[in-house]
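Here's the structure, in structure tokens; my notes come after.
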Amino acid sequence: MPVITNIDDLKALYRRRTPKMFYDYCESGSWTEQTFRENSSDFDDIYLRQRVAVDMSNRSTATQMIGQDVAMPVALAPVGLTGMQHADGEIKAARAAEAFGVPFTLSTMSINSIEDVAAATTKPFWFQLYTMKDQGFVSSLIQRAKDANCSALVITLDLQVLGQRHKDIKNGLSAPPKPTLANMINLATKWRWGMGMMKASRREFGNIVGHVEGVSDAADLGAWTAEQFDPTLDWNKVAKIKEEWGGKVILKGIIDPEDAKMALEVGADAIVVSNHGGRQLDGALSSIRALPGIMDAVGDATEVHLDSGIRSGQDVLKAVAMGAKGTYIGRAFVYGLGAMGQEGVTRALDVIHREMDVSMALCGRRRIDEVDRDILLVPEGFEGRWQ
Ligand code: GLV
């Protein structure tokens, strides 16, 4: 067993063990992948201020996100097709998150269903909603999430149409994979994945298949979004969904201060500064570069979270120091899952926790509520002076 010391170690193992089409699905951005790359590389432009001779005993990374206790300000992001990265992937990731004490967010486009995850866990998880043209289906998803005792609804606002990821088209991405020659050759080298999948409780989109009719190809994410996702979603509809849900609402996919203000108006409990991991609008600002402008626009009026680009505890620390109350990891936990199942997700969380805890200490802070802008060295004009 290789020694795992960082998220990249998990990624290397994940790449070896997972079919190419699912690795590529995870590791892609849209079009030129500029935003995908900058989401991570922009973190490198920010430096941490080392402080010395400060009492570093009795540290804690515990805090709250939307009023819920978390062991560190990191949640698992909703990731479509997680159950294709590893058999029963959503169940395994949710269990790892629960044991660690961080929120798990189930994607609408998951393989394990809302009910599967609820049956396999003991604490409430969060449900991410894509809005579909079929209002009845959206209402039934909301009701299913309520019945499963989900403690937040995460409404994704930035995927009414799908950004093009070239590799998904070239690979013929589907869940489950179609038995083409190229797939069979690749799958033959992924015996561990295949053995797991033979025993998996599901191999199709569990929230959808059997719950909705009239889709030409329920295995094809691209076809699904084109046919089913609601291109008319607007702030009025967001407000209606919030009312129908009646619980905590997190609005995900905000990268512009004007949209952050609109989210405030509809009464979001939190917003997620996110460009969908660079998978939607290629050429959009990275999330970390967008964060300061959004903090200025909304202040403390709502909780601001951040996803896209986080691969280390240092990244989490930087986002929190810039004002985010919480962050999300998507790819970083999928690497762990594909590498070694539930144990791998736990390893990913452990790696990030340790990196954050030690880096926080080396910045002279012992608790999350002591982490502030003062621990950062941010280059002048980092957030940009755009015209
Ligand atoms: C879906 O959320 C995707 O980014 O593929």
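The backbone N, Cα and C atoms fix where each Cβ goes, glycine too.
Along the domain 'FMN hydroxy acid dehydrogenase' (1-381), the predicted structure has mean pLDDT 95. TrEMBL lists 1-381 with the feature domain 'FMN hydroxy acid dehydrogenase'.
For Tyr25, Arg165, His276, Arg279, the entry in TrEMBL reads glyoxylate binding site. Other Cβ atoms within 10 Å of the Cβ of Arg279 (glyoxylate binding site) number 25 in total over all chains. In the three-state DSSP scheme, Arg279 (glyoxylate binding site) is classed as coil.
The number of other CB atoms found within 10 A of the CB of Gln128 (FMN binding site), across every protein chain shown, is 23. According to TrEMBL, the FMN binding site annotation covers 78-80, Ser107, Gln128, Tyr130, Thr156, Lys252, Ser274, 307-311, 330-331.
The annotation active site, proton acceptor is assigned in TrEMBL to His276.
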Looking at the binding-site residues listed here (Tyr25, Arg165, His276, Arg279), whose Cα lies nearest to that of Thr156 (FMN binding site)?
His276
Please report the distance from the Cα of Pro78 (FMN binding site) to the Cα of Arg165 (glyoxylate binding site), rounded to the nearest angstrom.
18
Taking Cα atoms as reference points, rank the binding-site residues Tyr25, His276, Arg279 by distance from Gly80 (FMN binding site) and give the first.
Tyr25
Secondary structure of Ile310 (FMN binding site) (DSSP, helix/strand/coil)
coil
Three-state secondary structure of Gly80 (FMN binding site) from DSSP?
coil
